[in-house]
Structure formats: structure tokens, C-alpha cells
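Student: Grabbed the feature section from TrEMBL, which reads as follows:
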| type | residues | note |
| --- | --- | --- |
| DOMAIN | 4-302 | domain 'Tryptophan synthase beta chain-like PALP' |
| MOD_RES | K42 | N6-(pyridoxal phosphate)lysine |
| ACT_SITE | S69 | active site, nucleophile |
Amino acid sequence: MLEPALLPTPLVDCTDEVFARAGVELRLKRDDLLNPAVPGNKWRKLAPNVAAAVEQGHTRLLTFGGAYSTHLRAVAAAAAALGLESVGLVRGAELADRPRNWSLRAAERAGMRLEFLTRAEYREATGRADGSGASTATAAAPWRRWEPCLVLPEGGSNALAVTGAATIPAELPDLGERDVVCCPVGTGGTLAGIAAGLPPGARALGVAVLRGGEGYLEAEVARLHRAAYGREFANWRIDHGHHGGGYGRVPAELASFAAEFEQRHGVPVELRYVAKLLAALADLAATGAFPPGTRLTAVVTGLPDPE
């Protein structure tokens, strides 16, 4: 079992003028404090997957990610903690001969073996990872030579991951009709879990961090719900208007918002996911998207980059 450092994670009331003017309460679910090596939603999604890997007798985890993938680092750390091997298939063959950035160095220090793929190879590989943990590889698939292994999809979102994220609402007391539990959305697993774990009346809101995800991300959340629970849920939606120009992009205005929020509230703000979530909630509150009396719970899903 992958042990958390802190569970349940703190729930902090956050008094902020923007939200107060709109008659909206804000509180922060500090999942960034959950585990220093496998923080936030990564721990929630990985814990049931690595437990299944151990139970099924796997000795190797294989997954996918980009050059600065938090998911790669988290899988490497989780595998090392349990004495498992890990392999990361990295998007960008041109990175193989370049000095490792801090993120890939961290993955390698934790014992992950990295294999760099062209973008075409990466699309082929991730397209064949069905998210079930079972390899759907053809003979030519890039991970075939690493079998036997448990294959985790890009971002870690599969049916088991959804059940892990579904534990978040259970740590939030007195949820009801005025509550909206919010998270950033990259692959949809955390939002799917939160929505599935909510009591009647409460709702979930995801903020897309990538550009052009309209329709696709909604379909992914619905697919994950069917895979995990055999049904779909209607208590959630995704906001697509606050992606900051696309995945990994952090415009100056967003960076300034994050720095000011951190200064006001003493909460370190990760830029690619958490800043977009908080900025979206502030903008939506200021423009009257939430009725007065709404209570927002923002799940702080990760830590700022160390470099």
C-alpha cells in the first residue's frame, strides 16, 4: 500500500475579497500536503493502482508523459516506495540527447528508466493504453519489450484512479445543495472521482487547463464514470474559458494572480493547474456565475515546481 503522509488533508477557510463581494465562500482542500513525493491528486489516483499492481504480482509499472510531467515523477516515486521498477515513455525523441531537465532528473533519481519517443510513436503508444491497467500492445508497440508490466495511462486516469479521487468528498463535512467542489482538469480522472463521491445536491466543477478540450474532456469523464461505476453522473460540468492559452502555458497575468494569491493567503500556488483553477473561480465569482450563498471548495491538487 502507498502510504500518505497526511490524510485527511487540511480543509482551510479562505477569506478573499473577490469572493466575499459576490457572497461566495471559498475554502481550500490542501491535497498538495498529502505526500511530499506523490502529492495531491497523483497520490489519490495512483494509490489504488499500485495496490492492484502489488496484488496482481506485477514488479514493473509503465506509463507516459511529457518533459515536465508530474505524473512521471509521481509514478517513479510511488514505484520506488514499493520496491517496483518503473518505466516512463516520454514524448519527444529529441530530448534523448539533451541534458535532463529537473523533472526528468527527479524521475530518474527515483529509479525510473526513460525511453524517448517521437510524437507519432507517442500518439500510437498512448492511443493503445486503454486505461484498464492491461496492455493492449501490438507486437510493434513501444512498450512491448518492457512486458510484463502494469500499464498506466497518461495522467494516470483510469477506473481505479477515479475510485481513489472519489474519497475526496468524504473528507468534506456537511456537503449539500450550496456546495460546489472544484478541481483543475487535465485528463478528467479527478473530476470524475469527485463527482461520483458527492452526496445528493452537491455539484462538481472542473476547470480545463488545456485548449480545445470541449467535448473531448466531457466524453472522457463520462467514459471514466462508466468504467468505474457502470453509469454516468449528471452533477458536474467543465469550464473551458480559463486555460490560459493551453496546456503548460502561464501568461503573465496568471503568474501575477498566483503570486498575489500566495502573498494574501500563504498558500503556494502551482501554476499549470492550481493557478488556473483559482483564477477561474475568482473570475466566475466576480461575474456572478455562482449564486450568493454558494460555498466553493477548491482542491489544491499539487505543489509548485521546485525550479
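Glycine is treated like the rest: Cβ placed from N, Cα and C.
Computed from a predicted structure; not experimentally measured.
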Student: Restricting to the same chain and to sequence separations of six or more, state which residues have a Cβ under 8 Å from that of K42 (N6-(pyridoxal phosphate)lysine).
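Tutor: Result: T70, H71, A74, G156, G302.
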Student: Tally every other Cβ atom lying within 10 Å of the Cβ atom of S69 (active site, nucleophile).
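Tutor: The answer is 20 other Cβ atoms.
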Student: Need one number: mean pLDDT over the domain 'Tryptophan synthase beta chain-like PALP' (4-302).
Tutor: 93
Student: Check the residue listed as 'active site, nucleophile' against DSSP and tell me helix, strand or coil, would you?
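Tutor: Assignment for the residue listed as 'active site, nucleophile' reads coil.
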